[in-house]
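First comes the structure, then the notes that go with it.
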Amino acid sequence: MTDHAPTAVQFDPRGSRRSADIRLHTKSYPKIVGIVIALTPAILLFGYDAVAVSSIVALPSFRNQYGALHNGKMIVPATWLGIWAAASPIGIMIGAMIAGLVQEKVGRRICLMLGSFMGILGIAACFGSSYVDVLTSRRVVFLMGKLVEGVCSGMVICTTQTYVAEIVPHVLHGAAFAIFPAMMLLGQLLGAIALWRQSKIQTPDGYLTVIASQWVINIIVIIVAALLPESPIWLIRSKGDMSAALKSERRLQRQSVNCVDNINHLALLLEQERLNKDAQGAVTYGECLTGTNRRRTLIVIFGNVLPQFFGLVLLSNASYFMQLLGMNSHRSLEILNIGIAIGLVANLLGVWTMQRFTTKPITVYTLGACGIMFLAIGIAGFWNGDVVMWWTAISFIFIIFTAGVGAWPASVLISSQASSLRLRGKTQGLGWIAHGLSQGAFSIALPYVYNPDAGNSKGKIGFLFAGLCVIAAVITWLWVPEMAGLSPQAIDDKFEMGIGARKWEQFGEGDWTERRKRESDAFRSEERENVEIRLK
């Protein structure tokens with residue numbers, strides 16, 4: 001006997017995500033869980049790059065090679081600090097746009113490998129810049145390397161999120177996407193540990209070791225991508241290859257699962273989307289911004305920029321910021337490591353909270369708590385001294401913990417669930433372009449706010465992020481619908497009906513499941529024959 005396991009796009013009758021038993025669902029999909037775990041180096045790479053390259057300015061050995069004297073100390077000028085900080089997010093934007101196009105043409109696996117290969121080239125440029133004699137040229141080559149590494153990060157993370165969204169059943173979406181910020185933080189922790197271990201080395205070997213270590217992660221991602229089964233959804237929609245889709249589905253499911261039924265269901269659903277009045281012709285970026293897709297794309301974009309509202313860019317540069325408040329470099333890196341470790345624990349707890357609680361309230365409440373703590377940092381910024389320095393450091397740690405159990409994993413879940421199957425690759429590309437744009441804007445602007453040769457605001461920058469947290473909480477409450485526990489079919493229908501974000505919970509899954517059944521029954525028999533395969 002074979003059983004029927006719901007695919008990533010089917011309604012699971014075992015209950016909504018609110019009451020889901022994560023252990024039961026993990027046992028039901030062991031291969032998919034294993035693949036998500038195997039993909040964690042791709043997510044980890046994103047976080048490792050954010051710290052290992054972006055916070056490398058905290059190393060004295062790096063400042064000695066790339067910095068300039070200012071009041072008797074070697075610092076990186078605010079202009080170069082801002083340009084370097086912006087290079088990665090600009091690269092992420094370019095990489096996300098490339099991924100949105102490439103992964104639809106050649107598939108998710110090849111796009112992952114191409115992105116990691118770009119990363120290897122970018123690391124080589126950063127590493128080689130140390131051997132350039134002229135200071136300005138050295139800085140420019142390092143800038144180019146950071147830009148190419150950003151392209152790698154954008155391609156890899158965008159493709160990974162698309163792939164996971166397509167293969168993971170919706171009952172595991174909460175846990176699967178909560179892993180993203182957890183692994184990003186683990187990558188940041190490993191990067192921070194690497195920086196800390198090299199912080200007392202005064203020679204270029206200190207920062208070169210940190211840069212070179214990224215080669216290992218990129219090589220691992222290439223190997224994993226080569227071994228992955230391709231997304232069945234992509235194989236059906238872009239290639240029309242039912243046999244290949246069936247082979248991939250069998251690699252994703254247990255042996256007892258009737259994979260033929262799964263593929264038939266996917267093919268029928270994708271054909272219904274194709275025949276929809278809003279889904280005619282080839283998939284384009286423009287289609288993401290028309291009709292009901294516009295609202296869905298804007299929600300995806302908001303989910304991708306949400307981390308900037310609770311200060312992720314500032315928290316990522318906490319070691320350098322704490323040095324501006326008077327903390328020595330070695331201790332500031334220790335604080336960064338502690339903060340990232342606590343954030344990692346929080347995000348691992350987020351795997352449970354995303355399965356247990358609805359997305360919208362936990363996002364609003366944790367954003368409110370972060371806003372209060374940023375307000376306290378801003379008030380403390382009117383004074384100087386060790387007390388203010390340590391108050392700011394501890395507050396940063398509390399903020400990353402609070403965001404880690406709520407707003408951060410929720411932002412990934414929101415951006416992953418809102419897009420349609422047909423436009424998922426392109427929509428995720430637009431979302432990560434927005435992520436890169438927002439990160440770049442904050443990365444350029446913030447050094448001019450707090451750097452000593454510019455705004456020199458110090459802790460008073462907390463007022464800015466307190467306000468941003470309030471704005472993000474209001475937008476979430478008014479604009480983002482509660483998608484917890486809903487199948488993609490139900491999400492599609494509610495968007496098509498134009499139901500307001502605060503009214504989604506008034507309509508149950510059953511109403512929309514019945515509607516889908518009626519539409520499926522009304523599907524012309526000759527069209528059904530065209531999309532079904534006969535492999536039983």
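Residue numbers in this text run from 1 along the chain shown.
Using N, Cα and C of the backbone, Cβ positions are placed for all residues, glycine too.
Here TrEMBL flags 32-58, 78-98, 110-131, 143-164, 171-195, 207-228, 297-315, 335-352, 364-383, 389-408, 429-449, 461-480 as transmembrane segment. If you look up TrEMBL, you'll see 35-484 marked as domain 'Major facilitator superfamily (MFS) profile'.
Remote same-chain residues near the transmembrane segment (143-164) are listed as 36, 39, 42-43, 45-46, 49, 53, 83-84, 87-100, 102-103, 108, 111-112, 114-116, 118-119, 121-129, 176-177, 180, 214, 218, 221, 228, 231, 412, 415-416, 424-425, 428-429, 431-432, 436 (criterion: CB distance under 8 Å, separation of at least six residues from the stretch ends). The transmembrane segment (364-383) makes contact with the transmembrane segment (461-480): 3 or more of their CB pairs lie within 8 A, with pairs spaced 6 or more apart in sequence. The stretches the transmembrane segment (171-195) and the transmembrane segment (32-58) are in mutual contact, each linked to the other by at least three Cβ pairs under 8 Å (pairs 6 or more apart in sequence). Between the transmembrane segment (78-98) and the transmembrane segment (429-449), three or more CB pairs separated by 6 or more residues in sequence fall under 8 Å, so the two stretches touch.
On the 0 to 100 pLDDT scale, the domain 'Major facilitator superfamily (MFS) profile' (35-484) averages 88 in the predicted structure.
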